[in-house]
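The structure appears below as structure tokens.
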Amino acid sequence: MLLDIQGLIKRFGGLTAVSNVSFGIERGEIVGIFGPNGSGKTTTLNLIAGILQPTEGSILWKGNEIGRLASFEVAQQGLIKTFQNPQLFPELTVAQHMRIACHLHIKRALGIGRVLTLLRGTPGELDGVLTRKIDQMLELCRLADKRGEVAGALSYGSEKMLGVAMGMVCEPELLLLDEPASGLGNDEISNLDAVLRDLRTHGVTLCIIDHKVGFLGRLADRAIALHHGAIIAVGKTTDVLDNSAVVEAYLGKKHA
Amino acid sequence: MKYAAPTALLIALFAPLAVHSDSILAIAIYGFMAASLAVSFNLIFGFTGQLSLFHAASFGVSAYIVTILVTAFGWNFWLAVVPALAVVLILSLIVGTICFRFKLKEFYFAVVTMAFSEILRLVILNWNGITNGSLGITVVDRPSLWTPSGAVQISSGIAWYYLTLALLVIVYVVCQRILSSWIGRCLAAIRLNDQLGETLGIDVFKYKLLSFAVGSVLAGLVGAFYGFYSGFVEPHYLSISLGLDIIAMVLLGGVGSLIGPVIGAVILTALPHVIDLSAELRIGLYGSILIFVILVMPKGIVGLLGSRKNAA
Amino acid sequence: EDVVKIGQIEALTGPTATYGWMSAQGAKLAVEEINAKGGFKVGDKTYKLQLTQADTRGEPREATVQFRKLMEENVRFVFGPFLTNIFNAIEPIAKQNNGKFLLFAGATSAHSALGKPDHDYLFRTWNWDAGPSGFGKLMVDYLKKQDTKKVAMLFQNDAFGKTAVDIYTALFKDAGIELKVELFEPGTKDFSAVLAKLATGKPDFLFPGYSDAVLYDIVRQATESGFANRFFLVRGSIGPALKNKDAIEDYIAYVPKYFEQAEKTEPKVKAFIENYKKTYNREFPYDQAPLCSSSCYDHVHMLVQAMQSAGTVDDVAKIRTALLSMSYDGLWKIKYDKTGEEVFGFDVVHVRKGGSVEVVKYDPTND
Amino acid sequence: MSQLIIGQLLNGVIVGSLYGIIALGVTLTFGLTGIVNFALGAFMMLGAYATWYLYDVLGWPYVPAVFGAVIAVGIIGYLCDRALFQFTRGNLVNGLLVSIGMISVFEALVLAAFTTTPRDLTYVLPGALHVGGLILPKIKVAVCGVFLAVIFGTYFALTRTWLGRAAFSYAQNPEAAALMGIRTGRLQTIVVVYSTALAGLGGGLYASMYSIDPTIGSGYVLKAVEAAILAGIGSVIGALGGGIILGVSENIGSVFLPSAFRDAYGLVFLIAILLVRPSGLFGDRS
Amino acid sequence: MLEVADLNVSYGKHKVLRAVSFGLQRGEVVALIGPNAAGKSTTLRTLAALKKANSGRITFEGGDVASKSTADRVRCGLVLVPEGRQIFPRSSVHENLLMGAYHRPDRDQVDGDMERIFSMFPRLRERRTQRAGSMSGGEQQMLAIGRGLMSRPKLMLLDEPTLGLAPIIIEELGQIIRKLASEGLTILLAEQNAAMALGCADRAYVLQSGSIVTSGQAKQLSETSEVKQMYLGA
Ligand SMILES: Nc1ncnc2c1ncn2[C@@H]1O[C@H](COP(=O)(O)OP(=O)(O)OP(=O)(O)O)[C@@H](O)[C@H]1O
Ligand SMILES: Nc1ncnc2c1ncn2[C@@H]1O[C@H](COP(=O)(O)OP(=O)(O)OP(=O)(O)O)[C@@H](O)[C@H]1O
Ligand SMILES: CC(C)C[C@H](N)C(=O)O
Ligand SMILES: [Mg+2]
Ligand SMILES: [Mg+2]
């Protein structure tokens, strides 16, 4: 098991946002998380990514506890999370965002040898490698023609896609996506679908929250449904979406 | 704009051939040192987004240590620089660790660093036995620097001119190298959205501390030379007003550019001497120029000139 | 037409500017007066004065640049600085120019540089503290006569404050008077805490320094809250005393001249005050360090006289000799001792409760 | 001994309320216009000079003189807002520089008009109150009372009125505030004018307690910034609380420890508090 | 009620809207659909005066609003619920809703309106004292819509209101929009979620690269093959 969550609880004052959640993620899977608004989906991913610290419970990554690590340490272990509300560096261009997101790549590739690049002034060969990689990624995410634009000038949809592209360029083992498709049009969603499937073939494990049931329902192998912070259904995606409790709380009757 | 720095350097290299005035050289020398301070400050403020008011303290503490070691203990200047910078490094690591561990942001950070800086100033001001208190310490003989061989004395205005120019170049190149590397990108990420940076795997604490410490040590380096050149050190070196002056230089020249602070520093150092008017008129005009410049060029002089180079 | 360049280096702006600004007024007054009369004759040539006033803002670094500029412009006679920290900063550069110019400094720290090798350039124009003929010694004697056992000294924590504390600590010790010292940060306005603290030691006199602004604040706060009502000052005005005349017990001030009185009895003083009012279009600041303006006024005149008697305007060595051997009777009575330290007449003004004033004159220039 | 301490405690409160009134201006302007207005110190100085001029030179009674000064400073504040601050809104850095520039300009004007010579007003309310062995100057007590009243008044106005709600909303999200129908430009102008008028009031009352000169503002605005930060930017009552904490720690500190370190005592407190609460005593935690 | 004629908008050199014209009748729900970066948000922002137009006319209730600021337009009843929520994060839910009523002269009636909004979005009632910034994404979206309604607009511009909402809530939102329209409120709806938008709108415009390429009755549009393929994911 790549990620194993046991008895996860998060309380905010009197409110229990995540109550006793346990599940696991296997390598190579795509796991979808569904649930009504405020059911604790984002909070769960934030706990995994180290953005929030759990009140109780354990999060095992390849068998090691990561529940108390800071978010950058979690990221260095290979877990990357994107944000539900796009988080960007407003003054920087799309390409610069991607360069920053290559931070871990450089660190892994050069280690402490990075310091030598200070003397030479450029990261040397790596430079070409990264440029190619970034170009490729932007192409995939249909952002290539926006590479020179600053983030503040992007439309909402492009902001979202940039977030996904940055997450991917970090080369995570497990990528946590918080509503990647919200704000995207149909066309972009099918592109996203293709990109994510491709990512899986490269060995990346995915855990995705989204309210676009059509999109995520098709993509995810397995699904978890949350309600009031607790798991109400788990299993094959189609089964979960057929589950009557899920239909009632989340999909509305007609969708069933 | 790309060639601004080399061109400026070239001009600076040959300027003394045309200028023979000791006082103009002195202004240039102070200008270079102010520029070095501003460049190093901009590493912390402009590129990392941390409004440090500790800069004057780093500068002043180092100036004091060097001066005391040389005057009271007879150390060689170059040797004295080493412990001075070491102390500045340690102080900046302590202050930085406290501030960044407790996640002090923006003005909270500014005011706490100012508080540390003020406390250091008051300690130096009142530690009469060592620092000679408010009177400061005068380097009794005309300050001069010995080269390691002990042969050449650097005491003329021209020699100091080139020495401080070299200092500026060193500070500039160090900052430039840092900023064009992966560190520079991490700093930009921290400045613009540290939470995002953190989820991308950047150790925000470490890089904040790094930028703060490097910037402070560079300020310490400037302090070492400054005290020696001017021939005296006094508690005012650590004052808040020096910190504010540096900020004004950086802002005027243009935050977020490397050459901007150099321009700002040289202008603000020279300005009071260029506008040679009655005292009231002069400060009034100084203020008006500052206001005017900001309203006309909200991104500083470099911003106006157009090419804003980002650090990533 | 020939000119003699005179320079002045003082803080004209900034928090320490009061003294420099006053001196600048005095020097300007004298220069204009001399030029208005058509200049002065040395040998068979007539010269006019040309005054360059440099503003140090009270900042040592600025002073060094300004001072270099004056030296480059071949200014042979420089007035100022009054401030100790500024003098200390320019002293090394001045020393390098020894022999090329004369400096008329008021700063207390100049005292210890007088008579040292390479310091032939230096004169001190305003000695109200150090040395055998300074106020310091005389003041302590006066205090002894008042049967004083304990004194509290409250000075600003700056270069001058420290210099003064060093001087007076020794003087009080010699006289067997117990001294308690407290220093305050420049810019302090509320002295209650430190006054309350000093008051617990029950001193006979409070000896506060040193700018007029802090005097007003200290005297008011001390009397209003009952922390002290007897004051001793080595300089300064009696303004604060008169303003709080019913709350004080004693207020003893050492001033080079008690202008309020001298204006009535000495025509020279009267003319000076009138000229001042006319030129600057404002009241004469009796209570605000008129000492600096009158001092500079006198010293410019004295310098011109020295040039005339030396018969040269550029041989500084000769002019120096002339200055050292002359005595000048202007607004003040002035001469220099052999090191260049000033000796001058002054008044001790003792204000008592209700505002009665008693003046005792001293004239060490006759000794 | 205990009299000494209580006396200085009260004095600390009085001095602190003066820091507080400027801090209130600092906190409001920063929260609503994004400018750290260092020139508030200069406005305070202008208020002090205006009061002195009306009262001592023109011979007005003191209270109208202070009112006159407040109005005059408010008008200057308005003009500055129209001519300068409105162009630097939301830009902390440029706002800071412009306000630093304004300090020079105001100082130069006052210097030109009134010279560096300090002024000391004719005493307004001389004498002291004697309460149980404590001696408190009447004027200080009166001034402190006015400051407290103004600060609490502002607090109630801001928490109980729609204008206050608008201000708080604007501080959080300017664009959304405009979408609520808040006339944001006007709101900012009101805040700038109000805080300069507060500084003017501070100066007018200051002049009745201490001597004045063209540089008095700079020290106070620093203390005010410290107080505002200590309290947490945006908190009205905090501004007062922060000021009082600074005032008291300085006063009590200088009684027991060397008075030369006076300023440090407040700063030590400041650091300690911010380490426990990184966004200020009364500030928001996130 | 609203008439937009020949609107051109650009950011610097980058032209975002080209000669956009459209209109709304009172009580109508009109959808503005189009792919990402088509200029939907820009259109709405321009209508709310958050962005300056280069040229073109905007008439609201017969008057030209060109010279009116955002706040003044709100006061006329032209209210934008912006994209990406834009709530007041440090205020409570209750205070956020109150601010919606800021410009209203009849502030004494806000309690009734608030009740109405609570009944539309019960989650908001549950959380009325919670700090808005700590709410989940969808909850914030509900709050933003509710706050917009609190200002009793005549014309409400909704920018991607379904963003981050659960399917069941989207369903309800559609019904709410219809109900509001039947009460006389006019609504301009910019949406990615074409299915929902076309489902509840009377008419629709399709915006592509800054120009309106198609328009018509919502029902008919949703049957054209092009729209089906591009926007409904047929
Ligand atoms: N910092 C916080 N303080 C208090 N309550 C919080 C905090 N963060 C989240 N909550 C509450 O916890 C609950 C779960 O929030 P979360 O963001 O995880 O929901 P979600 O499932 O992601 O919903 P959505 O689909 O709307 O994004 C919500 O009701 C929210 O209001
Ligand atoms: N502040 C800005 N500066 C420069 N260009 C901008 C700015 N805001 C938007 N743009 C550009 O305008 C175009 C239209 O953006 P807009 O946000 O209106 O699109 P949209 O239709 O709302 O898209 P989405 O559905 O993704 O939100 C985009 O190409 C975008 O890059
Ligand atoms: C004006 C004087 C009080 C200054 C003092 N003589 C000093 O040396 O600083
Ligand atoms: Mg969520
Ligand atoms: Mg949009």
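Cβ atoms here come from the backbone N, Cα and C positions, even for glycine.
Remote same-chain residues near the transmembrane segment (D:6-28) are listed as 36-37, 40-41, 44, 134-136, 140-141, 143-144, 147-148, 150-151, 154, 167, 191, 194-196, 198-199, 201-202, 205-206, 220-221, 223-228, 231, 233-236, 238-252, 255 (criterion: CB distance under 8 Å, separation of at least six residues from the stretch ends). The transmembrane segment annotation in TrEMBL covers D:6-28 (among others).
Same-chain residues lying 6+ beyond the ends of the transmembrane segment (D:35-55) with a Cβ under 8 Å from its Cβ atoms: 22, 25-26, 29, 61-62, 64-66, 68-70, 72-73, 76-77, 80, 85, 88-89, 91-92, 95-96, 98-100, 102-103, 106-107, 110, 114, 119, 121-122, 124, 192, 195-196, 199-204, 206-208, 212, 214-222, 224-225. Annotation comment: TrEMBL describes D:35-55 (among others) as transmembrane segment.
Annotated transmembrane segment per TrEMBL: D:61-80 (among others), in sequence order. Counting same-chain residues at least six beyond the ends of the transmembrane segment (D:61-80), those with a Cβ under 8 angstroms from any Cβ of the stretch are 39, 43, 46-48, 50-51, 54-55, 102, 124, 189, 192-197, 199-201, 203-205, 208.
Same-chain residues lying 6+ beyond the ends of the transmembrane segment (D:92-114) with a Cβ under 8 Å from its Cβ atoms: 33-43, 45-46, 49, 80, 84-85, 214-215, 217-218. Taken from TrEMBL, the feature transmembrane segment covers D:92-114 (among others).
Taken from TrEMBL, the feature transmembrane segment covers D:134-158 (among others).
Residues annotated as transmembrane segment in TrEMBL: D:189-207 (among others). Counting residues 6+ beyond its ends, the transmembrane segment (D:189-207) has Cβ neighbours under 8 Å at 18, 21-22, 24-26, 28-29, 32-33, 37, 40-41, 43-52, 65-66, 69-74, 76-78, 80-82, 85-86, 119, 121, 143, 146-147, 150, 163, 167, 216-217, 220 in the same chain.
Sequence annotations record features per position, and here TrEMBL assigns transmembrane segment to D:227-248 (among others).
Sequence-distant contacts of the transmembrane segment (D:255-276), counting only residues of its own chain at least 6 positions beyond either end whose CB sits under 8 Å from a CB of the stretch, comprise 4-5, 8, 223, 226, 229-230, 245-247, 249. Positions annotated as transmembrane segment by TrEMBL: D:255-276 (among others).
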